[in-house]
Every structure is written in C-alpha cells, then in structure tokens.
Amino acid sequence: MNEILKKRLKLLKNNFGTHINKIANKKILITGANGYIGSILTLILHGNAKLYCLVRNKDKMIDRFQEICGDIDKIDIYEDLYKIQDKIDIVIHCAAPTQSDFFIENPIDTVDIIYTNTKNILDFSKKNNVEKIIFLSTMEIYGDVIGDNIVEDDIGKFSVTNIRNSYPLAKQISEFMVHSYSKKYSLSTAIVRLTQAIGPTAQINDNRVYMDFIRSAIKKSQITLFTKGETKREYIDVFDVATAIIFVMCEKKMFEIYNISNPNIFISIYDLAKTISAKLNVQVVFDLQRDTSQYLPSFSRRLNSKKIYQLGWTPLFDLNQSLDDMIKYIKEVNE
C-alpha cells in the first residue's frame, strides 16, 4: 500500500477507531466502489466489515483497488445488484456520474442513471430489510441559494432550460425518493450533501477543477484559468468525507440530512489555483475567450455543517495537507 495512505489509515483509526469498530462484521454494500469516495470507503472498511462492491466494470475495480490497497481479499465485487444473495446490513449509495461534460452532453442519461439506480437501490433495500441506507448527494441541490450559513432546510430554484442542471435536479428527485421510501416503508435512511472533495487517490484523468490545475501544472508547466475564478466554496478531504459517512452509519435515526464540509477550507477557484501553482512552482495565466457554458455561474456558498459536528465528527486534514498528499500521490502512481 502507498505510504501516504498507510499514514492516513493509521491516523483515522487512532482518532475514529471506536466508530469504525461499531460497524465491524457488518455486511456493507458500497455502490460506485471504484469511484473517488467509494474507493476510500472500501479502503477504510476493508478488513473491518464484510464488503460488497457494486461497480459497472469488475476489472476496473480490481485494478483501482490493487493500486490503492494491493489486497482485494474479503471483498465481493458485483456488476449486477440482483446477484447479491447475502443479507446486507448497510448500503452506501455512492454511484453516479460526476463529470460536468457528461451532464451537458447527456442530460437525459444523467437524470435516468441517477434516478433509476437510486430507485433500484431503495427497492433492493426494502426487499432485504436493510438496516441503514446512506445516499450521497451534493451541495449543488441548493440551486441559487448562496451565503455563509446554508442549512439542510434551505431550498433553491433551478432553470429547467439549463442543461447543466440535469445533475442537481436528478440528485434532488433522488433525495425525495430516499425520504419517501423512509416514510412509507420505515427504512432508516440518511442523505449526506457533500461539498467538493479533495485529497489523494483522485485519478489523473478526473475533470474536477483542482485536478485540471494539477494536471496542467505537471504537464504544461502552467495553470490556465478560463474564468476569473471568483466562485468561492468549501472543500473537504476525501478521507474526512469517508469518516463523516461512517459517523452517519452509526446513527440510529430513521431519517436525517447532513451537510458535509470543512469550514476551515473556504477558498475561491483563483486562490486555489494560486495555492497549487506555488506548490508546483508554476504560473497562473488566464484565457477568458473560451466558451464557459459548461461551468456553473460564479457563486459564494458556505454550508452549515453543525449537524455532523454534533455527532462528534471533526475533519483531520487541512488544505495544505490535502493538496500535498494529492500531488505526491499523483506523481508516485503515474511515474
């Protein structure tokens, strides 16, 4: 296993071992287990719980997890949800398209994939009397709500003529389905609304903005901004996302929604680019002539994450640690 990941796992177990042990021996289904967050959950829970990983491509999952951990023992990997015969205790539904280009080029597929997969997971959970379902959502569901204290009850609006909104609208209707199944069928469910995750194991071809910066800096010796970079938001380390989800897994409430963010990492896209450029010793340049219709409009948004903090959770990684580990990891695995 990569040394960065070894150190992080040790830190997590030293700080959150009690909560990790609470779900020891549970049978946990993780959808999208070869994705950014799903793979970290798999890494952390591997060896503590019995894991069932649902993915689109089993071979890619094996390659991904061998890169991260080097050991796929005690993990059952499936491409078909309905081939899982064992009694599942907990479902963590991570699977969803995450690429902005895909949302714009395939808006109908985006909505269909997110909604249909969520409904299938809910039907599976109802049929199998699952103890807990956790649905990963996004801060994007707040729509046009901006400000410094956005709570889980805030509601924004979306333009139905903006194709890019296929993603948050699909997540929003899926949240509605999660709550409806909880109410109608007495399923214990939770929704976690995530801000942007950062940290090691992000893949080199990921199109998140910070990966564009890092990739450009490594390959082209400069970072190019196609907007003024005025959007300002919170970021959170992917390992902190995973531990927050573990805390939610341990809760017995029938239904709850949690904002998940690190209030200490609140930064504009421009300042993030400058921070990364300083670490890689490159320049930031602007190219404001490109079509930016695929980007969200500029905004400033800070989530109120009081609920998750009240469970006793706290993030362990600051911006510098997240970026340093991410850059080092990318360089090591792509040598």
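Easy rule for this one: first residue shown is 1, then count along the chain.
Cβ coordinates come from backbone N, Cα and C, glycine included.
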Candidate from L41, L43, L45, L296 that Swiss-Prot assigns to the same CDP-6-D-glucitol site as S100, E140, R164, T195, Q196, R208, V209, D212, T224, F226, T227, R233: L296
Further binder of NADP(+) named by Swiss-Prot next to N34, Y36, I37, R56, K60, C94, A96, T98, Y167, K171, taken from the candidates A190, A197, A217: A197
Span of N34, Y36, I37, R56, K60, C94, A96, T98, Y167, K171, A197 around NADP(+) - largest C-alpha separation, Å: 25
Binding-site residues clustered about R233 (CDP binding site) [Cα within 10 Å; pool: N34, I37, Y167, Q196, A197, V209]: Q196
By Cα-Cα distance, the member of binding-site residues N34, K60, Y167, Q196, A197 nearest S100 (CDP binding site): Y167
For CDP-6-D-glucitol: widest Cα to Cα gap among S100, E140, R164, T195, Q196, R208, V209, D212, T224, F226, T227, R233, L296 in Å: 24
Neighbourhood of I37 (NADP(+) binding site) by C-beta distance under 8 A, where only residues 6 or more apart in the same chain count: C94, L136, L194, A197, V238, V241, A242, I245
All-chain count of other Cβ atoms within 10 Å of N34 (NADP(+) binding site): 26
T227 (CDP binding site) to V209 (CDP-6-D-glucitol binding site) - Cα separation in whole Å: 12
